[in-house]
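Novice: Sharing a structure here in structure tokens format.
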């Protein structure tokens, strides 16, 4: 059974822009897929629809067992336990420590303190930053901040991880570190969808490639190439 099932999805914005034009995509549990395409093609809308940041206008969409067309507002937090999100600009809370940033994702769903401490230290170990547990975001490099953002995104053991340009603000060395981390997370069974403009990553670490242009899926290939000029 697909963990993401999108059928004939249409999204129009109030300014008249049609961002998605009849998009259909099926993703199986444990897949790693890149979302590629030129700027303004609809990638962001596609990604944001998967965690209900954007509500679609037509079609059907289910993610991790949730029907995103019929989902009630009160159930959106439940969806977001099953779908972790990593952003290009990290979105860490500047006045909270590394520990507090990650723990917050568990506190909001009512986890007890013992489980929070155990799990936060587990994910910090996974991302290689246990020694930064008491640091604040402004004391970290960009690569370290993104690793903490990934730790926060996976702390609740989501079935799906959405990564929106996760290497976009990073130098090549840090970009490869982030990709190696995402590969390890994927090998543990987490489904990953990653929007990117980085041709070198896509062409080197081969996975499924879903290309979007003008709001439509124009290419969907197993172990595909990037296919655009940077």
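Cβ atoms are placed via backbone N, Cα and C, with glycine included.
In case it's useful when we look at the structure, here is the feature table from Swiss-Prot:
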| type | residues | note |
| --- | --- | --- |
| DOMAIN | 4-229 | domain 'ABC transporter' |
| BINDING | 37, 38, 39, 40, 41, 42, 43, 44 | ATP binding site |
Novice: I need the neighbours of the ATP site defined by 37, 38, 39, 40, 41, 42, 43, 44. Which other residues of that chain put their C-beta within 8 angstroms of the C-beta centroid, in sequence order?
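Specialist: For the ATP site the neighbour list reads 212, 213.
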Novice: What's the number of neighbouring CB atoms sitting within 10 A of the CB on residue 39 (ATP binding site)?
Specialist: 7
Novice: Output the one of 41, 43 that, of all these binding-site residues, has the highest number of other Cβ atoms within 10 Å of its Cβ.
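Specialist: The residue with the densest Cβ neighbourhood is 43.
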Novice: Could you tally the C-beta atoms, other than its own, that fall within 10 angstroms of the C-beta of residue 44 (ATP binding site)?
Specialist: 18
Novice: I'm checking region-level scores; what's the whole-number mean pLDDT for the domain 'ABC transporter' (4-229)?
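Specialist: Here the predicted model's pLDDT, averaged over the domain 'ABC transporter' (4-229), is 96.
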Novice: Name the secondary structure element type, per DSSP in three states, that contains residue 44 (ATP binding site).
Specialist: helix
